[in-house]
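Trainee: Here you go, one structure.
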Amino acid sequence: MMSPSTSAPHNQPIQPELDVLLVSTVLLLLGLGLVMVYSASIAIAEAKFGEGSSYYFLARQASYILAGIAVGIGCFRIPLRWWQAYSHYLLGLGILLLLVVLIPGISHEINGSRRWIPLGITSFQPSELMKLIILIFTADYVVRKAAFKDHFFKGFLPILALLTIVSLLLLMEPDLGATVVIAAIVLSIMFMNGMSLKMFFGLICLVPVLLALLIIIEPYRMDRINAIFDPWNDPFDKGYQLTHALIAFGLGEWWGVGLGSSVEKLNYLPEAHTDFMFAVLAEELGFAGVVTVISLFFFLLVRIFKVGRTAARLGDQFGSLVAQGIGVWLGLQAFINMGVNMGLLPTKGLTLPFMSYGGSSIVINSIAIAILLRIDWENRLKRRGLNA
């Protein structure tokens, strides 16, 4: 690696420097997630595929992680300016995929939701990709339209219209969780870019009203809200998943029942290896494990926002917004997943980044980290007076 005080000769390629602490934190989350996916999925794997299939989800998760690392390495080599230049085309691709997933006979339906496109031995979830795409597009949009950031029709309305279209497509799947995350990404980027406080707070006041309407018009969403306040009122139906998640947390106590010793994962807690893996972790590793995971995510967010602030100081507004948008995305999704597992929020169907089972989320999150590392590397080059 090169020291900050030196520059590379013109005929010598510049070797990338990585934020070792950031990369190490992500690898720790991936590693711990892999262990917990295996532990949480043993029972369901053998129930679905027979005895001797306990490694099924472990093998698939490991392959997703390797694929994510491979794709991430490729994306790291792409200059940040490329993502900005092609953000329109990426947006078109994202909207097209959201339309395709709604076509009967093409999409893969699970539990009444059409969120997946079958791809042979696996499937792809377009809403995961859309989180990254709309983040990049919004960052590019607010930079290009900086002169109109306080203008409702020329600056605010177009991005609001886009958010409405994307939200409607997601709600047709339905996927309220992804809708909430994407709305938060867009609003946070616009806020960080300095949009009019009057328009921002006006929209913030409108969001709870829209969320309330979306909850009221769908009885199952209202049931999830009611289950938060008293899951024990109907522990065998509407409160079933939450009561078993809370039991898992209670059994874990301070130090857990031991890795692999969870009772709730034995076909009691639904989605134990995906949306509710955090509850299994709490049962097996206890309060100590919960604090460890929360601390890792907190440290990861600190490093992410540091990259964003550095980019802003170096005059790279697009890179700064992308980096901080990634921080908002991953931080909010982790918060929602943990909150759902603890009974603080209604069930949303959102995975825990880097840890829950799922190929789409692992690969897309890896791409996001690769772009973040690219921003960090370009920051380092700019401090030396070099171009990426």
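Placement of Cβ uses the backbone N, Cα and C atoms for every residue, glycine included.
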Trainee: Tell me if the membrane topology in Swiss-Prot places L381 and G250 on the same side.
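Mentor: No, opposite sides.
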Trainee: Would you kindly check 90-110, 197-217, 285-305 and say which stretch has the most C-beta pairs under 8 angstroms to the transmembrane segment (20-40)?
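Mentor: Top-ranked stretch among 90-110, 197-217, 285-305: 285-305.
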Trainee: Let me know the model's mean pLDDT on the topological domain 'Periplasmic' (111-116).
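Mentor: Within the topological domain 'Periplasmic' (111-116), the model's average pLDDT equals 80.
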